[in-house]
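The feature signal peptide is assigned by Swiss-Prot to 1-30. The topological domain 'Lumenal' feature in Swiss-Prot is assigned to 31-184. Taken from Swiss-Prot, the feature domain 'GOLD' covers 40-152, and the record attributes it to sequence analysis. Taken from Swiss-Prot, the feature N-linked glycosylation site applies to ASN87, ASN118. The annotation transmembrane segment is assigned in Swiss-Prot to 185-205. Residues annotated as topological domain 'Cytoplasmic' in Swiss-Prot, with sequence analysis given as evidence: 206-217.
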Amino acid sequence: MKMTAKMRREFPTAFLLLFLVPVMIPVGEAVWLDVPPTGTKCVSEEIQSNVVVLADYLIISEDHEVMPTISVKVTSPYGNNLHNMENVTHGQFAFTTQESGNYLACFWADEKSHGNKNVSINIDWRTGIAAKDWASIAKKEKIEGVELEIRKLEGAVEAIHENILYLRNREADMRTMSEKTNSRVAWYSIMSLGVCIAVSGFQVLYLKQYFEKKKLI
């Protein structure tokens, strides 16, 4: 494939971003969980809204005579049920986040299926650009090589920009909340001081009247 003039101009930038993007934005991660015979293990991630989440999970059974099964539940920050499976050895869940916050995936071993041994689970958790099926995109749009890599990097840069905006909005929200809290604390302090002054004045008047009645002053 011949490189066009535009592609030649973009290549140095793409080459630089190829090293910067993995550092600046998480692209996905594999998680290993050791689930005890009784109890629950969970993984979570702070994700903004309108982000694609894709995850595969699989039981790794090496020292079990019978393949154990697990139950899985995925919930949103507001407690909405996004994925719920029982008595499975593997599975997948995918969704687009509707709200910003902490998304939680919990796993627990089904009773009498594990022989009182820990159950090992491998979880491939991907979000944002890492969840895209680039092979299908390349096939559908007939792109390959450097052009495909540039498309990936453009998506990564866009994701970074969205993350920066999300962090700025969170910072602004936290600043507003902090200012409101400081204002409330200031008013509470003023009110407390006013109450103390009023109580002190009442005590002075009461003692003055008491001493006058006793003819001590």
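Backbone N, Cα and C atoms are what each Cβ position is placed from, and that goes for glycine too.
Of all the Cβ atoms in the protein chains shown, 9 others lie within 10 Å of the Cβ of ASN87 (N-linked glycosylation site). Away from its own ends, the topological domain 'Cytoplasmic' (206-217) comes close to no residue of its chain (no Cβ-Cβ distance under 8 Å at least six residues beyond either end). A straight line from the CA of ASN118 (N-linked glycosylation site) to the CA of ASN87 (N-linked glycosylation site) spans 16 Å.
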